[in-house]
Amino acid sequence: MNKVRHFIDTQDLSKKEIFEIFRLMKMLKEARYCGAVPELLKNKTLAMIFEEPSTRTRVSFEAAMTLLGGHAQYLKPGELHLGVRESLYDTTKVLSHMCDGIMCRALKNETVLNLAKYADVPVLNGLTDYNHPTQAICDVFTMLEYMPATKNLEYEDIKFEDIKVVFIGDRTNVCSSTMHITTKLGMNFVHISPKRYQSPQEWIDIANENIKQANSGSVLVTDDLEQVRGADIVYTDLWWWVDQEDEAEERVKAFKPTYQVTPELMEKAGKQALFMHCLPASRNVEVYDEVIDSDQSIAFEQAENRLTAQMGLLVYYLYPQIDKSSNAVKDYYRGKVEAFMEHQDRSWKQRYTYNNDYAETKNKK
């Protein structure tokens, strides 16, 4: 069995590995459209830990495991109290013995890091307060799939230095992941937001190191909406999440109307600009209906590619761990178990006949 690898952060991947995952995603998407997804994870189980509810993450991982011939076990919020009823170490070890992979959507990044530290099977990061790497893989794959300048090119032939991605809004975990994967590939990333909600310096430092390694790209954090001009991608996210409801009014005042993605903003970006949103969206709050439902929007194609991404990631990380027994070995154990059960069946029938005969004799007396 190969050494266990985990998917915690796109920073852990090389450019070559990202392209490998993209190629795998493309093959599996084509196979799904043909109704011919190979059952590469047949009889395998994925434990899915959710510390908060989710629609797209849960459905996409469950559907992906089903298509690949496996099964996803949903461990809902409140069902597991990680580190409370049972230590995180113990929970991880138990799941490692029963399942073939663990996906975790955690409140804290530390939880996923510790899962990966203790697990004997691959751990996939389904979202934390710091990042959302499965979303990032999905998003860049979608960008390259739909941008006219890139959709017909091999990944190695793409001029990433010519691509401009503009993220408008709060410094969310999606913003963090988008900044880091785009700069790792050598793209130009711009975060436009009120100063209070701009990306922190530690995120920018990682992006600058990525740019240095890629030898192309740039990163800019600003409150200047003029920087949206020439964007290939205009991306936004919710202004607040469920645990920030008490800040909602304050955040609306900070973002509205200046940082809403409106038809006028998309016009400023240019006709080439495509609109993206990780969803769920608060319509007519961070984005207007006229934008998310427009021909420039690929938000729902992006959502579909969550399934594509999960299929690719599950195969990339779980498949190498599978012990691929020969048919002869499978036939041996099948025969052995069937022979045992046939013997048990005969024994049971004999006991059943004896008990019935005994009962009838007793009743006659």
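Even glycines carry a Cβ here, placed using N, Cα and C.
Going by what Swiss-Prot states, the carbamoyl phosphate site holds S54, T55, R56, T57, R58, H132, and the candidate of R32, R85, R105 recorded there is R105. Residues S54, T55, R56, T57, R58, R105, H132 are listed as the carbamoyl phosphate binders, and the farthest two of them sit 15 Å apart at their Cα atoms. The DSSP secondary structure for C278 (putrescine binding site) is coil. Cβ neighbour density within 10 Å is lowest for T55 among the binding-site residues S54, T55, T57. In this structure the alpha carbons, written CA, of H132 (carbamoyl phosphate binding site) and E145 (site 'Important for structural integrity') are 20 Å apart. H277 (putrescine binding site) sits 13 Å from R56 (carbamoyl phosphate binding site), taking the CA atoms of both as reference points.
Taking P280 (putrescine binding site) as the reference point, the recorded positions whose C-alpha atoms are within 10 Å of its C-alpha, out of K29, R56, T57, R58, are R56.
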